[in-house]
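K.L.:
Please find one structure pasted underneath; my questions will follow.
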């Protein structure tokens, strides 16, 4: 719709946004779609509008003229008397540092006001409603002009707890608001829209992550930002885009201009249902290339076994010794060990000579292109869930939050809503100073969080070998309890967003008091979809709308896993090598899934359907619904399997390119621990400990359920071949040692059925280091990712490093496999996300210990 039509339409407020939420349901569910505003979704304790908007402004005698001392409500994040308080009680900084801080903020606020005046964004300079605000600490702002500190605008910004805010008063904005007095938002380029609020007093209820709002009563644009250096540029961009749209209003090529935006161009590719007017779901074919490749793999394994059995038959015909037929009983182990090897041979040949068009089109399990975007007035709410432990705030958590907030801002400007939900498992473990820094950071950035007690405190147990699953379960339990209390509330017709915010505050307070163990604050409600990330993740700035559009149009998708790039931290030789290896793995995954195989779920950078996760929940002795398995190290594989057995599918999305980024192991110790965890998890999924085989059997119920589930047979073969690699790696050192003695003592007397280590090693070198590197380079060249020569050079450059590292894995992998088999306790901490100082004398004891 062109902007000329926008002016002509009687744009009344969206009834969906103004309507009260529907009656509560009996079971926990995402908040209703009509609650698209931060305040409705349960704002941070420091964002309650009632505590500030109803408070009369202080007189000049009560406050400094240039500083605004306003204290937001105290966060209630603890449930125990001995817990730390909501206010910061850090040691008082020195007089010199305070003086320098005052100068820094005073210079910045005056500079911003100077820029504001130079752009003619100030009408009279009286400071009654126009000017610049800059936060020194929470509740303490510097204002320019100084009189602005006593204004309702200052009160509203304090309630929002923004870093800096600026008003923009221009003829462009006033004219637009006069022409469209009933509008609820202002259209910008690329389908983005900025909210319109009736008065300044409504600012605390604004969608904070839009970073802008028009105030109709004053004819102003209010812009805020986390970085004062960016706020002027943000205001300029909004004003210029608005001017461009106004100027082009009514032009004949209006529609052509809109098509330049990705949204409309994308919609034109989709089919529209004539009756409902909605976009028809895309028809996605089921590719069968993977079925053909798995069939060829099984043929190759069968031929290899046949050749070996042929040797046995020939030897029996010569000497008549039938005892050697006992070797045939080893064929299940041989198949288990060689499936992946045969699959690599077939897959590499297919990458060189087979079709690759499937990598560029959408299919049932693979998305190469983004879907048609939703055009509804109310978009699904998405919750970004991020489990953290003791990672550094400055080096790890803050850059991740900055990336997430950019994506949240884009989605809110597109009409959606989002909140960030941190499951902080280290908050009650770190020092007091670090704890306060984290809490203040969460409050300043409108982040909801839950923290559980440390292990053993008052009998509390943090279950699991790898604590991530139990951490997320505990946080989701608190969220669900809050939701249950909110659903029990009877909402009359006059129910407002302010009422919803107060109800949320009360519900959270009651849950924390009843639980008696958890700390929590902010918006911890869960929306329609969950984006699960790690603490060292980067996401594209414009990905949420495409993600929820695909999930809405594909109700059978339980998890959409994004193909990821690598976010490097220190760029050391080892990190560079692991980066190459990780990119290699994702290239292989994209190729396999595009052929028709089931997509894997790797536990992060994935969108989860909350309703599907709730369907596969379970209860244990703790007595509350749990979603992630606390009895498995590979909780992601367990979740994937439960969803697929429930009729959902897992899909791999590659349309974001390398926009999603994940961290990799910075040290060899972290990478070894990762392989050990994967090996332990695989054995945990397949086998019971040996001690229990007599009465429980060797195979776990989960593996038996997997074998007899409705998952495609070819996908089962692929999964089993992947799991078999860990057992083959773990057995390598044992077989090598056995081969040494067999060849030394019985050389010439061994059966021809036996293949010595030299032949095995030579085969591995030819297939993995030779054929594998050439096939990967050719495939990347064919799809246009790299030039052929550079791809070959890159692949062979890391051959020696990976050969040494993978060659030394056998002892560590076998240790993990045997530890589970014989019930030896093994635990793993969180992977290091930051570089640590080290030298020769530090590393040698670590090597000897390992």
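In case you wondered, yes, glycine gets a Cβ from its N, Cα and C as well.
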K.L.:
Between 760-779, 780-799, which stretch does TrEMBL give the note transmembrane segment?
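P.N.:
Matching range for transmembrane segment: 760-779.
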K.L.:
Looking at 290-309, 370-389, 390-409, which one does TrEMBL call transmembrane segment?
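P.N.:
The range carrying the transmembrane segment annotation in TrEMBL is 290-309.
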K.L.:
In TrEMBL, which of the ranges 685-707, 800-822 has the transmembrane segment annotation?
P.N.:
800-822
K.L.:
Can you identify, from 653-674, 719-740, the stretch that TrEMBL calls transmembrane segment?
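P.N.:
TrEMBL lists transmembrane segment for residues 719-740.
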K.L.:
Quick one: do the transmembrane segment (719-740) and the transmembrane segment (329-354) have at least 3 Cβ pairs under 8 Å, skipping pairs fewer than 6 apart in sequence?
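P.N.:
In this chain the transmembrane segment (719-740) contacts the transmembrane segment (329-354) - 3 or more Cβ pairs sit under 8 Å.
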K.L.:
Give, as a single whole number between 0 and 100, the mean pLDDT over the domain 'Glycosyltransferase 2-like' (529-741).
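P.N.:
PLDDT averaged over the stretch: 92.
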